[in-house]
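Here's the structure, in C-alpha cells; my notes come after.
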Amino acid sequence: MEKGSIDTASNRIEVEAAPALGAASEGNEPSMHPTEAERSVNAPLFSPLYSSAAARLSACCHGGAKMAVLAYSLGKREINQYFSIKNAKLLSLVAVILLTVFHSVSRYYGGGDTCEWLLSSGRFLGESVWQPYGCMMHKYRSVEAKSCLRQKRVAFIGDSRIRQLFFSYVRIINSDVREDGNKHENIPFEDRSSSINVDFLWCAEVNNSLKERLIAWREDAKTKPDVIIMGAATWSIKLHSGSSESLQQYRSNLSAITHVLEELAGDSEIYWVLQDPVYEEMLSDNRKMITNQQIDLYNDAALGALNSSKRNGKARVKILSASREAAMETITESVDGLHLPESTRNVGAMVLMNSVCNKALKPMDGSCCSPLPPLSLLQKLSALAFLASAVGFAALHALGYDKRRKSKPPSDVESGEEKKPAAGGVAASLASPLLAVCKMGLIMAYFYLCDRADVFMKEHKFYTHSTFFIPLIYMFVLGIFYSENSKEAKLLNREQTDEWKGWMQLVILIYHISGASAFIPVYMHVRVLVAAYLFQTGYGHFSFFWLKGDFGLYRVCQVLFRLNFLVIVLCLVMDRPYQFYYFVPLVTFWFAVIYGTLAMWPQILQKTANGSGFWHLAVLLKLLSLLAVICVFAYSQGIFDSVFSVWPISTLFELQGSIHEWWFRWKLDRFVVIHGMLFAFAYLVLQKFQVLSEGKGEPLFSTRISNCLLFVSVVSFLTYSIWASSCRNKTECNELHPYISVVQILAFILIRNIPGYARSLYSSFFAWFGKISLELFICQYHIWLAADTKGILVLVPGNPMLNIIISTFIFVCVAHEISQITNELAQVVIPKEIGALLRRLLGVAGFLVVVLLLSTLEKGRR
C-alpha cells in the first residue's frame, strides 16, 4: 500500500523577494485577540475561513440581508471566542480519556476479547471480504500457513458441512487440492514439506463412536491432534425427523463428552462449529425436516452443554459461530439449500487459521487473537526518559520556576523566523522544554494505546468508489468555498504552496483510509502527489540556497530536526525502523543531496551569477552532474546495494532486513527533485530579468503566450490522466512514472499560476492543513489508521461515520500540537553558537550510535 507524503523543510522556505511568505498568523480578529501572540495561541479554528465567507456573503446582500449577515457574524464570533485551537485540543484530550476508560472498562467487565470477536461475529464488506467485530483478520497464504502448522496434526470431525470446511482449510495450505474422495469416509491430507497432517473423520452424529475417538486421543498422546474442529446435527435431525427425543439425546450425548473435551483442551485447541442455517425453499424432500428452527434448537443445546467447560477457569472448548453469521447472508447462494457456498466456508476456514496461527506468527494486519508485543529495551528506556522529564518538570513547578511570562509561541523553524530565549535563568529556561517533552510523552502514550496495546478496536479497509470520491468532493467544495485574496501574487507564493500541500495531504489521507490503492487510476494520481512533494523539496531548497547562500550548520540542523524529530521518537516508542516512515528518510536524503550539490565548490549564488552568464551555465553543469550520479545508481542496483547495505547506513534504510523498500521508493521518484531544482532555477532567472508579470490580476506572460501555455497544460494534464486510467497494472505504470510525473506537476503549476486572478486567490482551509502536513502524514500511521496503516482505528464501534468524525478531530488536534512542540524544542535544542552546537551534535551522534547498536542487538535476539 502507498503511504502519504510530508511537509518538507524546503516547502517552508520561500524566496527572499517574497516578504509575505513567512509563517502566517492563525487568527485575524483583532477585536477579540489584540496581540499577535494571543492570536497565535487562542485563534479560532479556521477563523480566516469564517471571516472571508462572511465578507463575500455580505458583499452580495442588501438591506435586511446585510443585517442578518452581521448578526450571524457577531454570533459566530462569540462562538469562535470559545472554540479556539486551544479549546479544541482540550476537548480532544477529554474525548481520549473518556474513550480509553470506556474501552478499558468494556474489555474488563464485558469478558470479550479479540479471539471471541473473531470466532463469534462479523459482517461482510462487499461480497467476499469478512470483517470480524472489532479486530482484523489476516488473509493467510500457503507459505504462512505451512510455517504456522509445521509438524502439527489437525483433525476435522463431523458431517458433510465439516468436510466442506476441511477442504477450504486445506486449500489455504495447498491451493491445488480438489474435493474428491468418498463422501462418507475419512479423508487424509499430508504436506510432506512441512510435516503437516490434516484429516477429515466422518462422524455425522454425536454418539458413542465420537466419544470413543475422543477417549482414544486422550489416552494416546502420540495420535492426539494439536487442533480439533468438530460439529454435527443435521443428520440427527434428518434421521429422526426432528423429534424432541432426538434433541434430548443430542444434548445428553454432548454432556457426556464434555469432560473429555475439557481434558483434551488442556493440550490441544478444540473448536465446536455451530450449525449454519439452511435455505429451506431449496431443500430436497428428504431434507425438508432440517428447518432453521430445528437448527437453532440444536445450537442452543450445544451451547448449553459446552459452556459448562468455562467453570473453574479450565481450558474450554471454543465456539465457532462466525461462519454461521456469514452463512446467514449467503445461504441463498447454496446449490442445494444445505451446503454452503464457497465464499462462506472460506470465511470459516480463514477464521480458524487466524485463531490458531495469529498468536505464533503475529501478522500486523491480524489483530484478532494476536498477543501484545513485549516491550523492547528501547521502548522501556524511552518510557523512563519521558517519566524523568515529568518528574523534573514537577520539581520545577513545585519550586515555582515555570511561572514565567507568556511569550510569543514558537515560530516555524523553516520560515527563517527566530525566537529569542526567555529570560529567567537556567531553571526557568529548562521548564519550557521539559513541559514540551512531557506533552510529547502523553501523546506517545496515546500512540501506543492506539496501535500497540489491546485497548481500541481495529477494522479492515474496504475500497468502493463512493468511499473515496464522495469525501473528495466534499473536501474540495469546502476548500474552494473558503478562498481568500492572497497577500501577493507571485508564482508559488507561501500561501499557495501551503494550500498545495494541504489539499494534497487531505487527498492522500482519504486515499489511505478508503484503501484506494486497489484502484490503479487513483493510485497513479496519488503517486503524482507524492512526487509533487519531492518537487517542492527541490524547488524550495534550491530557491533558499540560491538567494540567501546560507549553508551554515545551524540552518542544516534546524531543517534536519524539523524533519526527523517526530519520526525518531516514534521509532523508539512504536518499535519501528526508520525506513518504515519512508518519506522522511527520502526527503532527508534529498535535502542532504541538494545541500551537498550547492554547497560544493564552487558555491554559485544569484548575486555571483548576476555578474556573468557563465555562472548560470556552471549551475546547469552541477545539476547535470547530479543527474549523471542519479542515473548511475538508478541503473545499477548493485552499486546502490553496496552503498546502502553498509552498517550503520543499512540500519537506517532497511525494512524487515532488506533495503528493497528503500530502493523501490528512491527509484520511483528519482528525477523529480532535479525537476524541482531546474524549475526553481528557470523561474528565478526569468524573475530576475523581469520576464514575468506577477502583479495581482495580471497573467504571468503576454496574453498569447499565456493562452498557448494554458492550452498545452490542460491537454498535458488530461493526457496524463487518461494514460493513468488505462494502465493495466502498477508495475507497468511505475516503470514510466519517474519520467512523466513532472508533466502533470508542471501542468498544474501553470494552470494554477498563469491566470492572474487564480494566482491572487488561495484556500485558507487547505493552507491551514498545509502548515501541519508533516505531522498529519506521520501521525496517520498510528492514531487515525491502525496496524501500521493496514487497518482503521475504531474509537466508536458500531457507527463508522461518528467514528471517523471523532478520530479525525483527535488526529488533527494531535498533529497540530506536535507541530508546536517540535518548533519549540528546535529553538532550545539547536543553539546558534557554533561551539555549543558542535557539542550537542557530538552528543546526538553518540545517542544515535547507541540507539543503532541497541536496535541491531534487539534484531539479532529476535
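Here the Cβ of each residue, glycine as well, is placed from N, Cα and C on the backbone.
TrEMBL entries are annotated by machine, without manual review.
Annotation comment: TrEMBL describes 130-184 as domain 'NXPE C-terminal'.
Over the domain 'Cas1p 10 TM acyl transferase' (362-841) the predicted model carries a mean pLDDT of 91. Among the features that TrEMBL reports, domain 'Cas1p 10 TM acyl transferase' is placed at 362-841.
What TrEMBL records for 381-401 (among others) is transmembrane segment.
According to TrEMBL, the feature transmembrane segment maps to 422-447 (among others).
The transmembrane segment feature in TrEMBL is assigned to 462-482 (among others).
The annotation transmembrane segment is assigned in TrEMBL to 503-524 (among others).
For 559-575 (among others), the entry in TrEMBL reads transmembrane segment.
Sequence annotations record features per position, and here TrEMBL assigns transmembrane segment to 581-601 (among others).
According to TrEMBL, the transmembrane segment annotation covers 613-635 (among others).
Look at TrEMBL and you will find 668-686 (among others) tagged as transmembrane segment.
The transmembrane segment annotation in TrEMBL covers 707-724 (among others). Nonlocal intrachain contacts for the transmembrane segment (707-724), taken as residues 6+ away from its ends with a CB within less than 8 angstroms of a stretch CB, comprise 520-521, 524-525, 528, 701, 733, 740, 743-744, 746-748, 750-751, 754-755.
Taken from TrEMBL, the feature transmembrane segment applies to 766-786 (among others).
Per TrEMBL, the feature transmembrane segment maps to 792-816 (among others).
According to TrEMBL, the feature transmembrane segment maps to 837-857 (among others).
Residues 1-5, 7, 461-465, 467-468, 471-472, 475-476, 479, 530, 532-533, 721, 724-725, 727, 729-730, 733, 737, 763, 766, 769-770, 773, 776-777, 780, 784-785, 789, 792, 804 of the same chain lie 6+ residues outside the transmembrane segment (503-524) yet bring a C-beta within less than 8 angstroms of a C-beta in it. Helix first, then strand, then coil: DSSP counts for the domain 'NXPE C-terminal' (130-184) stand at 22 helix, 9 strand, 24 coil. Sequence-distant contacts of the transmembrane segment (613-635), counting only residues of its own chain at least 6 positions beyond either end whose CB sits under 8 Å from a CB of the stretch, comprise 593, 597-598, 600, 602, 604, 643, 667, 670-671, 674, 677-678, 681, 685. A Cβ distance under 8 Å defines the sequence-distant neighbours of the transmembrane segment (837-857), meaning residues of its chain 6+ beyond its ends; these are 377-378, 553-554, 557, 572, 577, 647-648, 651-652, 829-831.
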